[in-house]
Amino acid sequence: MIAKTLPLVQLSPANPPSHAEGPADCSEHSAVKRDWQTQLRQAIRDPHQLCQRLGLDAKALGVEQGHRLFSTLVPEALLSRIRPGQPGDPILRQILPVAEENDEVLGFVEDPLLEQTANPLPGLVHKYRSRVLLIGAGACAVNCRYCFRRHFPYADNRLSREHITQVMAYLNAHPDVNEVILSGGDPLATPDQRLLGLIEQLTGGSHLKRLRIHSRLPVVIPDRVTDALCDGLAATALQAVMVLHINHPQEIDDAVIEACRRLRQAGVTLLNQTVLLKGINDQADVLAELSEQLFAAGIMPYYLHAFDPVAGAAHFAVPDTRMQQLYGELLAILPGFLVPRPVREVPDRPGKTPMAPPEAWALS
């Protein structure tokens, strides 16, 4: 179906965050506590409350329409980095429900990567020969509006003890698999004891070499990087890699930098995967600054990922030609090791599909 037109206040990148106004003041709420689980419980789940805290008109933005489709979830630690009174704030645009999520757009579907066709066991996705993905948790610490798994059937993919036993048997029967990717949801939404217990079980797979964790929690609630988590990752026999999902330099503050330092100290290799999002980071200067800040925090820029065409988020889509142009511009601005690889995930292909054209330099 073609997009339905709904009334909406435009959230435009032309409204950049004002440096005269600081981030939202959370001190009066005293909700940012050291315990990450308390912070998660106290996260904002009401879009009207979110708008009230930021001095925005919830009705004009159509937040209720988007919230009914995909619930709101924003922890205080992330809220503190959003500038009040700015509907175009690059963090806010990633997490604020809007009326556009009701648009039905041709080509934007609930399972854009066809993961449910590569789901041999509950909680396990096996699309690539040498790697399997485990849905370590169905929950997140923040509901990103562009999430390609916003329609994923998490209730059918919970990793019970019985399912973990089945997963281990599956891994033993597939010796070509040398890497397990913990994803979700967010696998770090799982308490340390259970998460580290799962990692210990995976370590028993003799042919496994690497453990990869995809997470936004060290970014949205930096206190999630606990002593127990660091000790457990340092102790595993598997090479530990964490792929963070940071899309804009405004997301990186001192607490995030400290969390990353602790992870690196535990021997974890830190990479970043940025999703290219319209009106948020589709400018070369923003992406270049992000790469610089990532590297300063000890994180290697890894992928610049094309937006996956998931239903309800078509307003974030950036044309492939623009992505290729940005890649060319970044080659001219940054040293090569700071330029993330532009890729798209295409169902049924054996890996990520490179999006860098041979003439990338000319595009710059």
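The backbone N, Cα and C atoms fix where each Cβ goes, and this holds for glycine too.
Look at TrEMBL and you will find CYS140, CYS144, CYS147 tagged as [4Fe-4S] cluster binding site. Shown in sequence order, LEU73, CYS147, GLY184, GLY185, ASP186, ALA189, ARG216 are the residues of the chain, 6+ apart in sequence, with a C-beta less than 8 angstroms from the C-beta of CYS140 ([4Fe-4S] cluster binding site).
Residues or ranges marked as domain 'Radical SAM core' in TrEMBL: 125-349.
Here TrEMBL flags LYS352 as N6-(pyridoxal phosphate)lysine. In this view, LYS352 (N6-(pyridoxal phosphate)lysine) is surrounded by 16 other Cβ atoms within 10 Å of its Cβ, with every protein chain counted.
Per TrEMBL, the feature region 'Disordered' maps to 1-28 (among others).
Per TrEMBL, region 'Disordered' is recorded for 345-364 (among others).
According to DSSP, CYS144 ([4Fe-4S] cluster binding site) sits in a coil region rather than a helix or strand.
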